[in-house]
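Worksheet: the structure to be examined is printed underneath.
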Amino acid sequence: MTRRILLINGPNLNLLGRREPHIYGPATLADVEALARDQASSLGVELQTFQSNHEGAIVDRIQEAAGWGPRTRSDAAVDHHGAAPLTKPSAIVINPGALTHTSVAIRDALLAVDIPFVEVHVSNVHAREPFRKQSYLSDKAEAIVCGMGVYGYTAAIEFAARYLKTVEPE
């Protein structure tokens, strides 16, 4: 069985490398995705990526991961950003950005699809403004990675791949 990880990035993460580089560093989202693809390949895992600044689009993509939502695998060959055909991932790595602190909809979508997920943040959200300490996802995540810069994506994908080997033995 092919193991797949869906990497979802939320609002403003398309600005990595430009937005507050003193907090988020110089790496761009394209850099992060390229490194993640290489890493996934070396781990024998397929990686799908998705980024949106819109909560509803993220909810749609999470639902589509389970074959539900406004567009399922049979509806079209490519997703909203021209990526490969949708296939059900074994795990989700998600950086919901600011929606971490506000989105019950993303939480509900993740719980509905019953796909294990890892929450990742580039900055240490616990060392920032008080409102950033609240996450609507953390209590349901298999793991949480924060404060490691973009290396956090590497750690999250490594964890997800290892986790999948324990729950989906070959």
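All positions are counted from 1 along the displayed chain.
Using the three backbone atoms N, Cα and C, a Cβ is placed for every residue, glycine included.
The active site, proton acceptor annotation in TrEMBL covers TYR24. TrEMBL lists HIS121 with the feature active site, proton donor. Per TrEMBL, the feature substrate binding site maps to ASN95, HIS101, ASP108, VAL122, SER123, ARG132. Marked as site 'Transition state stabilizer' by TrEMBL: ARG19.
Most Cβ neighbours within 10 Å, among the recorded positions HIS101, HIS121, ARG132: HIS121 holds that distinction in the structure as shown. Taking the Cβ of SER123 (substrate binding site) as reference, residues of its chain lying under 8 Å away and at least six apart in sequence are, in sequence order, ILE23, TYR24, CYS146, GLY147.
ARG132 (substrate binding site) sits 11 Å from HIS121 (active site, proton donor), counting Cα to Cα. Candidate recorded positions: ARG19, ASN95, HIS101, ASP108. Nearest to HIS121 (active site, proton donor) by Cα distance: ASN95.
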